[in-house]
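Down below is the structure, laid out as structure tokens.
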């Protein structure tokens with residue numbers, strides 16, 4: 001199994017340290033495994049009825065992907081248009097193309113399966129332009145692509161123009177705090193949803209986690225591979241789960257709908273719980289990578305985006321076929337997209353560094 005292996009460190013005070021990072025092109029297997037755990041959690045969260053298990057899954061599965069999305073960001077010369085063109089071609093263009101192709105395909109598939117009319121088709125195809133909460137049914141997870149693309153642009157701009165790491169952190173932390181100061185963005189309405197196009201306001205949350213990911217992998221991240229931090233993180237996860245189940249605190253979190261329901265200060269739980277769980281998953285992923293069968297999860301992790309795109313449709317089709325067992329539905333929703341990439345060379349295969 002190929003691995004990315006990064007070496008080097010960054011001075012937290014000086015952004016110029018970014019350019020001194022030495023990165024060898026080896027794949028870090030536990031990152032793929034973490035992505036596998038994340039995408040399996042996404043599928044399970046959509047296969048199960050809403051309840052305690054889904055609430056806990058929602059604490060961390062999307063923040064984890066935004067954290068990983070920040071791993072491979074780096075500063076550019078923001079004053080040069082050519083640098084932004086290169087960034088767009090490398091990080092945005094292909095993902096944007098897949099977003100529209102997959103969206104058109106899945107909306108068309110739904111209209112065929114449910115015998116919808118042209119009005120439905122036109123209405124839902126136009127929603128791809130607006131994005132965010134307006135996307136539903138087979139495209140309900142596509143909001144992630146909207147927010148992910150905007151977030152990596154925002155963080156790239158931040159780390160390229162603001163040199164102080166403390167100021168960078170203060171800016172993203174301020175954005176996270178601002179996101180807890182309102183319940184819903186109700187100034188604009190699209191398709192009967194009060195929202196900003198492409199869930200733009202959710203970037204306040206996503207950018208924080210994306211920046212944490214950037215900072216983590218561009219400093220000495222080897223601590224996540226050590227027994228003591230892993231033990232502390234997993235213990236923290238257990239304490240939080242036990243406390244939630246026993247009613248010691250309440251925390252319900254959904255990034256897409258900007259739902260942050262908390263019995264304690266929102267900013268405290270929003271900043272702490274997703275990070276404890278995400279880094280706990282990273283630690284467990286490192287331990288998993290040391291097992292002989294870890295290549296199975298690593299392979300799943302290398303196909304996260306096509307699973308993200310297709311799993312809602314596959315869950316629905318499995319249900320239509322009379323398959324009601326949740327475990328079987330989840331296996332189908334994870335395995336079939338991987339088989340598609342093996343049987344035929346799709347446009348998905350030409351993907352960005354993050355998606356691969």
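Cβ coordinates come from backbone N, Cα and C, glycine included.
Record features, source TrEMBL:
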DOMAIN    29-338  domain 'Acyltransferase 3'
TRANSMEM  30-50  transmembrane segment
TRANSMEM  56-76  transmembrane segment
TRANSMEM  96-115  transmembrane segment
TRANSMEM  135-159  transmembrane segment
TRANSMEM  166-185  transmembrane segment
TRANSMEM  197-217  transmembrane segment
TRANSMEM  229-247  transmembrane segment
TRANSMEM  267-287  transmembrane segment
TRANSMEM  294-311  transmembrane segment
TRANSMEM  317-340  transmembrane segment
Model confidence over the domain 'Acyltransferase 3' (29-338) (mean pLDDT, whole number): 95
Contact call for the transmembrane segment (267-287) and the transmembrane segment (56-76): at least 3 Cβ pairs under 8 Å, seq gap 6+: yes
Winner by Cβ pairs under 8 Å against the transmembrane segment (317-340), considering only 30-50, 96-115, 135-159, 294-311: 294-311
Positions on the same chain near the transmembrane segment (30-50), where near means CB under 8 A and six or more residues out: 4, 57-58, 60-62, 64-65, 68, 71, 141, 225, 281-282, 284-286, 288-289, 294, 297-302, 304, 307-308, 311-312, 315, 326, 329-330, 333-334
Residue numbers, six or more beyond the limits of the transmembrane segment (135-159), whose CB comes under 8 Å of its CB atoms: 15, 18, 42, 46, 62, 65-66, 69-70, 73-76, 78, 87, 91-92, 95-96, 99, 102-103, 106-107, 109-110, 124, 127-128, 168, 171-172, 198-200, 202-203, 206-207, 210-211, 214, 255-256, 308-309, 311-313, 316, 354
Selected stretch (most C-beta pairs under 8 A with the transmembrane segment (56-76)) from 96-115, 197-217, 294-311: 197-217
